[in-house]
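Colleague: If you scroll down you'll find the structure; I have some questions about it.
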Amino acid sequence: MKTALQQKSSGIALIIVACVFITFRFVHLKNNEVNGYNATSWDAFGYYMYLPSVLIYDDVRTLEWLPQIDSTYHVTGGHLYQAMQLESGTFTNKYLCGVAILQLPFFGLGHIMAGMLGYPQDGFSAPYQYAIMFGGIVWVLIGLFLLRKVLRYYFEEEIIAMTLLFLGLTSNLIQYTSVDGGMSHAYIFPLYALLILQTIKMA
């Protein structure tokens, strides 16, 4: 006869992983006080730039807003490799917009908070950065929750709990959740988990 704790062990594992993700996020921020807000720089900028381009600047082709933003927040990593300049002089983004779609609710939250707290509503000030950082954590936790549902078709609760703990705490998932949360990894993980779950349900 399983105890109540054993029956809920995978849920407890999820809570532990969530606490570790959030703790690592704050530790990384504290250890990188100068550059800690740059959740939308380098490759992450390529995924993210659809949101400010469309929703704030209404400029996805000429990117006239970018020089000022880059001089303030250093989002491109030194040069604009995230978009190609065409013969016409306009730009096209090298990255697809799927990540930006999943970031949209958190971008909206960041935009609201920036207005309420007196930060620039420019798409890159601290509230936007925090929203994207913790948005990545939310999506990964959704992915782990869906994976838990998948595993329940095949394994006992204790095995599921150990799997979630090992995946969350000993793989590079923690890197792309708590440090590089603006990259695509945090967003594609729940989509894969959802795809597997729906495939099982349809079989």
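Quick reminder: no glycine exception, Cβ is built from N, Cα and C everywhere.
Under the heading transmembrane segment, TrEMBL lists 12-28, 95-116, 128-147, 159-176, 182-200.
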Colleague: Can you work out which residues elsewhere in the same chain, 6+ from the ends of the transmembrane segment (12-28), have a Cβ less than 8 Å from its Cβ atoms?
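Modeller: Same-chain residues near the transmembrane segment (12-28) but 6 or more away: 5, 36, 133-134, 137, 140-141, 144-145, 148, 160-162, 164-165, 168-169, 174, 177-179, 181.
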Colleague: Between the stretches 95-116, 128-147, 182-200, which wins on the count of C-beta pairs under 8 angstroms to the transmembrane segment (159-176)?
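Modeller: Highest pair count goes to 128-147.
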